[in-house]
């Protein structure tokens with residue numbers, strides 16, 4: 001019996017110690033969990049977003065565009081309309097209705113609805129910035145704020161070459177504007193937050209980092225100097241905000257690389273500094289009045305540097321300086337390498353073009369020039385464009401895709417097609433590079449102002465008389 005009592009006493013002592021240890025371990029573990037939770041508590045973007053979201057708007061577009069469709073089988077088309085051999089040269093049929101119109105195609109106005117995003121940048125004036133491709137061909141623009149308020153909006157200015165547009169909300173009060181950050185200070189790896197209206201869902205937020213800076217060569221816009229981010233950007237995000245963790249605007253979301261139509265983590269935004277420079281011109285002039293450096297150039301790569309025996313790896317190689325241009329008067333020469341602009345490194349010709357393309361006429365800037373192994377700085381004042389080139393879409397929203405300039409060649413005045421983009425309204429009408437518009441609706445065109453005055457009257461049909469080489473043809477837009 002005594003032996004049993006001893007055993008029982010030992011068991012009770014063991015259980016007491018075990019229970020005591022378990023309680024002690026449990027309390028210690030509970031305390032440790034509390035400490036870990038407090039340390040690992042993730043920061044939230046909510047406070048920043050609460051400040052930023054009221055400045056981001058959803059945009060609803062009602063518009064129309066001209067659609068050209070063929071009435072004849074492809075094999076018969078060469079025998080009809082202005083391209084027919086019966087309509088060329090001194091043919092007696094050249095000015096007939098048969099040749100003046102294009103019986104091969106039907107033209108019709110097709111209505112459409114589109115969605116996009118925008119960002120309020122001036123609360124007092126109710127100005128918001130978005131992409132040009134969001135509002136082009138718009139007949140009606142309606143915006144919705146984060147608090148549900150809706151307003152009509154009108155276009156203040158737009159620029160198809162950079163894909164930036166400035167709109168104004170009508171009769172809008174008590175708005176919240178975003179601050180535009182200095183995008184020149186951005187670094188690869190900085191955190192980004194994209195805000196917009198993808199697929200019409202309304203306010204949507206995604207996050208990521210800056211994957212690359214100064215992206216170009218994408219053939220999305222004429223002036224390309226994109227911020228690349230892996231923050232998810234989808235359809236409807238165009239024109240929306242790309243912000244930093246302070247809630248400052250660093251870019252306007254513009255495009256994605258999407259082989260299958262969806263986000264794969266490669267999105268592009270127009271830098272905030274370019275947005276600021278262009279919208280300031282739109283407020284002042286109603287359009288972008290670019291200065292021109294007056295050079296022709298190319299990217300500097302290792303092969304070119306080796307052949308030219310240039311001790312430089314990055315920059316904009318100057319292959320030609322146009323007479324009487326800004327570059328000419330600053331002493332820039334063919335063979336020079338432009339390596340900086342206002343002390344900011346220039347890594348490519350595309351980057352130089354984008355930087356200069358956002359600056360207005362009469363801007364003075366400092367260029368770093370590498371020549372004969374020595375870098376020196378020169379001051380350049382931007383002159384007006386020698387070609388006075390503008391986008392046809394900027395003066396007439398019904399036809400996009402052609403760059404125009406005043407022309408006077410061998411006594412023939414008119415408006416010259418400097419460039420043409422494939423699969424645009426201008427190319428479908430039939431315009432080609434180097435065409436010269438000499439008449440519209442039987443009214444003589446001597447310059448861009450003449451063309452703009454006729455297009456501003458918004459006629460139901462446009463019959464363009466065009467000089468193409470030694471031939472005269474007619475192109476029709478209905």
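Including glycine, each Cβ sits where the backbone N, Cα and C put it.
When secondary structure is read from DSSP and collapsed to three states, residue 237 (substrate binding site) falls in the coil class. The feature substrate binding site is assigned by Swiss-Prot to 236, 237, 238, 293, 294, 295, 296, 297, with similarity to another entry given as support.
According to Swiss-Prot, the disulfide bond annotation covers 87-99, on the basis of similarity to another entry.
The DSSP breakdown of the domain 'PDZ 1' (281-372), given as helix, strand and coil counts, is 25 helix, 30 strand, 37 coil. Annotation source Swiss-Prot lists domain 'PDZ 1' at 281-372, citing sequence analysis.
Per Swiss-Prot, domain 'PDZ 2' is recorded for 387-469, and the stated evidence type is sequence analysis.
As annotated by Swiss-Prot, signal peptide applies to 1-26, with the evidence given as sequence analysis.
In the predicted model, residues of the domain 'PDZ 2' (387-469) average a pLDDT of 79.
For the binding-site residues shown (237, 238), fewest C-beta neighbours within 10 angstroms: 238. Counted over every protein chain shown, other Cβ atoms within 10 Å are most numerous around 293 among the binding-site residues 293, 295. Helix, strand and coil content of the domain 'PDZ 2' (387-469), in residues and according to DSSP, is 18 helix, 33 strand, 32 coil.
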